[in-house]
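K.L.:
Structure in structure tokens, see below.
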Amino acid sequence: MAKYKRILLKLSGESLMGEKQYGIDEKRLAEYAAQIKEIHEQGVQIGIVIGGGNIFRGLSGANKGFDRVKGDQMGMLATVINSLALSSALVAAGVKARVLTAVRMEPIGEFYSKWKAIECMENGEIVIMSGGTGNPFFTTDTGSSLRGIEIEADVMLKGTRVDGIYTADPEKDPTATKFSDITYDEVLKRGLKVMDLTATCMCKENNLPIVVFDMDTVGNLKKVISGEEIGTVVHN
């Protein structure tokens, strides 16, 4: 029995690389599509936002001499590429999926609106919302917070390469311990890098809980949806 009726699933672009150094790993993409299909078959309405860091990151582009606005726009296009790839993988797995874009670019994807996204989800389609917020200077974490709030999701599931939030980076500090749950106030007080400050504050102010979990372990998405205590829950 699914704990949530409607979710916003946030995936990082880097996670799509799998074992590669760059781009999209077809095996990882197929694994993600299979996990998403599994919870879709339980009747969960699914909205997805994917980053673009496996292709281009706006902020690092600024450090390489690109104008920040142009760099962020290139990053937005990278999220569209990833969204199209995931959409194709979902369709190949037998699931209806639709890509909506924050900036008009028909026929690549339909222009995003809250009402279009909700209508598609209620009709059994998985909706992938690409292009960030459509504006520079906003991360895809902020874009996913915005979309999660707009589509009235019950929760944001932040699929990462680590199994939750720790007191410190577990790869650098062997004494780091994991939180099973933590409040937004505590996240902000400790300066924990769950998401950027704008995204975190948006979720806090709009009472959208986040579950940070390891998406790369097959079966974890279903466990989170079923209410199993894996990962870290962030709440008010």
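Placement of Cβ uses the backbone N, Cα and C atoms for every residue, glycine included.
Feature list, courtesy of Swiss-Prot:
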BINDING   K10, L11, S12, G13, G53, R57, T160, Y166, D169  ATP binding site
BINDING   G52, D72, T133, G134, N135, P136, F137, F138, T139, T140  UMP binding site
K.L.:
Return the residues near S12 (ATP binding site), defined as same-chain residues 6+ apart in sequence whose C-beta is under 8 angstroms from its C-beta, sorted by sequence, else 'none'.
P.N.:
I50, G51, G53, G159, T160, R161
K.L.:
Going by DSSP, give the three-state secondary structure for F137 (UMP binding site).
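P.N.:
Reduced to three states, the DSSP call for F137 (UMP binding site) is coil.
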K.L.:
Reduced to three states, what secondary structure does DSSP give D169 (ATP binding site)?
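P.N.:
Coil, per DSSP.
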K.L.:
Pop the Cα-Cα gap between K10 (ATP binding site) and N135 (UMP binding site) into the table, whole Å please.
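P.N.:
Between the alpha carbons of N135 (UMP binding site) and K10 (ATP binding site) there are 18 Å.
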K.L.:
Taking the Cα atoms as reference points, how far is F137 (UMP binding site) from K10 (ATP binding site) in Å?
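P.N.:
Here the two Cα atoms lie 19 Å apart.
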K.L.:
Please list residues from the chain of G52 (UMP binding site) whose Cβ is under 8 angstroms from its Cβ, counting only those at least six apart in sequence.
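P.N.:
Non-local contacts for G52 (UMP binding site): G13, G75, M76, L77, A78, T79, I81, N82, T140.
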K.L.:
Rounded to the nearest angstrom, how far is the Cα of T139 (UMP binding site) from the Cα of K10 (ATP binding site)?
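P.N.:
On Cα coordinates alone, these residues lie 12 Å apart.
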